[in-house]
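Inspection log for the structure reproduced underneath, given as C-alpha cells.
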Amino acid sequence: MASSSYTSLLVLVALVTAASAQLSPTFYDTSCPRALATIKSGVMAAVTSDPRMGASLLRLHFHDCFVQGCDASVLLSGMEQNAIPNAGSLRGFGVIDSIKTQIEAICKQTVSCADILTVAARDSVVALGGPSWTVPLGRRDSIDANENEANTDLPGFNSSRAELEAAFLKKGGLNTVDMVALSGAHTIGQAQCSTFRARIYGGDTNINAAYAASLRANCPQTVGSGDGSLANLDTTTANTFDNAYYTNLMSQKGLLHSDQVLFNNDTTDNTVRNFASNPAAFSSSFTTAMIKMGNIAPKTGTQGQIRLSCSRVNS
C-alpha cells in the first residue's frame, strides 16, 4: 500500500511538472497585452474599498488550486461552493466576475478565469503591502467542479499538523516549508466564530489566556449564537501583509487550531521562528510556495475551455 501511494505521488508530481512547463509569464503579451493591468486595477479598487477582500481573493485561489488543480472550478455556481469548507465563507466572486467582464470587452474569450484568479491573488497580496512575484500564465478553465474533493482535500480549521502536512504533500510539489509559508496568508483576513469557538472555550490549552478572553466577548459559547461573528486572523496588523502571523503564534495567539499547531513543540517550530525573526525569509518562501501552488495541475493546451463567464461553463 505504501509503495502504491508513493508511486501515485510520483505520477502526480510528473504530471504537475509537465503541465506547469507549458505556462509562461508572457502568455498574453500578444493576445491580450492589457490583461494584467486590467486585473491589477480591478483588485486595487476592490481592496481599497474593502481591505478584507484581499484575503478573500487569496483564499479563493487557494481553495481553487487544492481541488482538481488551479482551474477556476471553485468559481462555477454550486458544486464546490456548497462544500463544507466553502459554504457561507468564500467571497470575491463578484470581483472576479467584474474583472472578467472588463477583459472580455477588450479580448474576447482569450484570458481564462483560472489565470484571472491566480493573478488577482498575487495583486491582492501586493495591495496590502506584501511581496510580488511573477505569475506563469496559460491556464484554461475546467468544465466541471468537484464538491466531494473539496470536502476531503481542503485542510480544515481543526486540522492537526500531521493532517495539514498530508494535505499539502498530496498536492504534489508542496512540502512542509511551503505549508508553513502559505499558512502565513493568515496575516490578513478574518474568520468566523464557529471556526474558533472550541479553541477559546477550553478546547485548546495552547492559547494565550487574555487573548482567548478577548475573543469570547464577540463569540458566545452557545452553538448557533454569533456563529458568523468575525475576528482578525492577525491580532496585530490585520490589514497589512507581513510576518506578524508568526510572532503571534509564538505568543500563542493563533486564532485557529490549525494555525497554532504550527508552533506547538513540534517539527515546524523552527520554521515559524525563522519567519518571525526574518521577514525576508518569509517573503521569499511565500512567493516560492505561491508559484508552486499556482502550478498544481493546470489545464493547458486544448484541455478545458476559456469560459465566457466565470460562474458557468460555455453553452
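Backbone N, Cα and C atoms are what each Cβ position is placed from, and that goes for glycine too.
Remark: H63 (active site, proton acceptor) has V74, E80, P85, N86, L90, A150, L154 as non-local neighbours, by Cβ distance under 8 Å and separation of at least 6 in sequence. Annotated active site, proton acceptor per Swiss-Prot: H63, in sequence order, evidence recorded as sequence analysis.
Swiss-Prot lists P155 with the feature substrate binding site, giving sequence analysis as the kind of evidence. Proximity of P155 (substrate binding site) to non-local residues of its own chain (separation of 6 or more, Cβ distance below 8 Å) is seen for F66, E163, L164, A167, F168, S258, given in sequence order. P155 (substrate binding site) carries neither a helix nor a strand DSSP state and counts as coil.
With a cut-off of 8 Å between CB atoms and residues at least 6 apart in sequence, the same chain places L233, D234, Y245, L255, L256, D259 near H186 (heme b binding site), listed in sequence order. What Swiss-Prot records for H186 is heme b binding site.
The annotation N-linked glycosylation site is assigned in Swiss-Prot to N158 (among others). Sequence-distant neighbours of N158 (N-linked glycosylation site): residues of the same chain at least 6 apart with a C-beta under 8 Å from its C-beta are A198, L256, H257, S258.
Around N265 (N-linked glycosylation site), there are no C-beta neighbours below 8 angstroms that are at least 6 residues distant in the chain. Taken residue by residue with DSSP, N265 (N-linked glycosylation site) is part of neither helix nor strand, so it is coil. Per Swiss-Prot, N-linked glycosylation site is recorded for N265 (among others), and the stated evidence type is sequence analysis.
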